[in-house]
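TrEMBL has this to say about the protein:
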type: REGION; residues: 14-39; note: region 'Disordered'
type: DISULFID; residues: CYS99-CYS116; note: disulfide bond
type: DISULFID; residues: CYS115-CYS181; note: disulfide bond
type: BINDING; residues: HIS180, HIS201, HIS210; note: Cu cation A binding site
type: DOMAIN; residues: 201-218; note: domain 'Tyrosinase copper-binding'
type: BINDING; residues: HIS329, HIS333, HIS363; note: Cu cation B binding site
Amino acid sequence: MASSVQSSCTFLLATNHRHSRPPPSSPHSLTPAGRHRRSHLFQVSCKQQNPPPPSSEGKVDRRNMLLGLGGLYGAANLIPTNPEAATASPIEPPEFKACGAARDVQSGDLLNINCCPPTSDKIVDFKLPPPPAKLRVRPPAHRVSKEYLAKFEEAIRRMKALDKSDPSDPRGFMQQANIHCAYCNGAHDQVGYKDLDLQVHNSWLFFPFHRWYLYFYERILGSLIDDPTFVLPFWNWDNPKGMQMPKIFDNSGSPLYDANRNQKNRPPAIIDLGFSGATEDLQVVVNNLTVMYSEMIRSVNSTLDFMGQPYKAGDAASPGMGSSERGSHVAAHVWVGDPRNKYSEDMGNFYSAGRDVLFYCHHANVDRMWSVWRTLKTDVPKDIKDPDYLNAAFLFYDENKQLVRVKVGDCLDHKKMGYEFEKVDTPWLNYKPTKKAAKAKILKIAAGAETVEALFPLNLKKITRVLVNKSAKGKADEVLVLENIETDTTKFIKFDVFVNDEDDGSVELDKAEYAGTFAQVPHKTKDKKGKSTISLRLTELYEDVDVADDDTVVVTLIPRSNGDDVTIGGIKIIASPPRSG
């Protein structure tokens, strides 16, 4: 299923080094002087941009520049007195007039699509209206009323009608779908950096971009049916009652229907959020709850672990996904996409995902996950205070066909945007996995495990057990780091990570010994090689599997797909780094 998908999605956090390029020729203009659009090979699958060499002539590394501002690099010493100083480098909105053409970068074939939005000479800075006295409430899709469904279908029907009556209307269904295509698949450059794609996935821009996207999509639908209270539903895939594709999307006579879906995953099939390979419905459900608990709570050590890695002007695209983006978010895309199509269109590829109305329902729940995570009482801070995050900006057309500029800092509170979510149960919140391995058997397994020095670098062609030293004895706050993971980016890659587990071939993820997963959907890079480093928090796992008095743990790496094409440079356990974003 997943092996045919062509999108750049490394499910576990990829912490790559960022390289800066020279400052744009006009930092306050959307069109720098003398800039020419390159002949752009359109990226059908979200890609990871190869960074330019930092030593190239004329290139200025922002971090080196910071070193010269007093000799201190790191912590609060980098905060400039003047926030408009040279260190300020938020991602700027793209230039619509410089949008590029569409090709498949692997075959060179024309795709006969144009993702570029209509252009406008006028851009307005958007200001959120005061929230209504009664917030609009987004409902779970599996239990909407007949009255709501009729309204939703009519709104989509009218949006699709605009494709025929006025294909250039930015409110039309295909124009709205192309927003996702253009912002994800390389149609836009970063302003002032013509060799760097603008990418809204695989970084801290993921949640805020999609929240704004749905905000205007929702307003457009409401305006088309003259109902300012209209809201999108959310696909409640984190709750067992909502783990099927919502039935309102499976009626072939409805405008919500899309034939480009995996026919094996129509209702009553249960979505597999963990790509576990389990076939029993009950096992899939409990695996899903374990995945949700892990990506929302257990494996998250810092703000950026959940939100995604920093991405600033001049940085190479795709610095690293957060836990939710790389997990349940991508799983739903892959699960719905149609493997009969070359690129698993529609949901299975980011360029075409917006052509399926289910995409917006799916992302409404992704948005809900962000809002839920912000309410969790954990030791991880929920806010990113970096001005380059807060001032990053995007362009959208509103319900009046007006091009507006929005900022990340204005969408952090969904209630200030006028909506909330219907209350539903979150059974994963307390779904703490239990220990299943026997201590005596683990001691026997440890005696036969290899050492790090003997195994690494490791080609993961078979199940591997390795003895890894803890950084401290006793109750420790530590993370497991797998570094310099090299993969063939053209292939589907997946391996699971367990600590002190006794079962090699199980499809069960609902166990305390499960630490996390690395997975990669095929995507294009220049040399077909990807390199990343991932971190998994072990604090709660240690408590659950009772290893406080141990000096070492046994880490088991289980290749699930194309392990021959994975090489892991090293593995270690370190003290937990700072948690703030």
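Each residue, glycine too, has its Cβ placed from N, Cα and C.
Keep in mind the model is a prediction, meaning the values are calculated, not measured.
Residues 8-10, 14, 46, 48, 91, 176, 179-180, 183-184, 230-232, 304, 307-311, 317-322, 325, 350, 360, 363-364, 366-367, 370, 384, 389, 392, 394, 396-399, 406, 408, 411-412, 414, 417, 419, 581 of the same chain lie 6+ residues outside the domain 'Tyrosinase copper-binding' (201-218) yet bring a C-beta within less than 8 angstroms of a C-beta in it. Packing around HIS210 (Cu cation A binding site) is summarised by its Cβ count: 23 other Cβ atoms lie within 10 angstroms of its Cβ, all protein chains included. Apart from HIS329, HIS333, HIS363, the residues listed for Cu cation B, the same chain places the Cβ atoms of HIS210, GLU325, SER328, VAL330, ALA332, ALA353, PHE359, HIS362, VAL366 within 8 Å of the centroid of those Cβ atoms. According to DSSP, HIS329 (Cu cation B binding site) sits within a helical segment. In this structure the alpha carbons, written CA, of CYS99 (disulfide bond) and HIS180 (Cu cation A binding site) are 13 Å apart. Among the recorded positions CYS116, HIS210, HIS333, HIS363, the ones whose Cα sits within 10 Å of the Cα of CYS181 (disulfide bond) are CYS116. CYS115 (disulfide bond) sits 19 Å from HIS333 (Cu cation B binding site), taking the Cα positions as reference. Taking Cα separation as the measure, HIS210 (Cu cation A binding site) is nearest to HIS363 of the recorded positions CYS116, HIS329, HIS363. Within 8 A of the CB centroid of the Cu cation A site residues HIS180, HIS201, HIS210, the other residues of that chain are TYR183, CYS184, VAL200, PHE206, PHE209, TYR213, PHE350, ALA353, HIS363.
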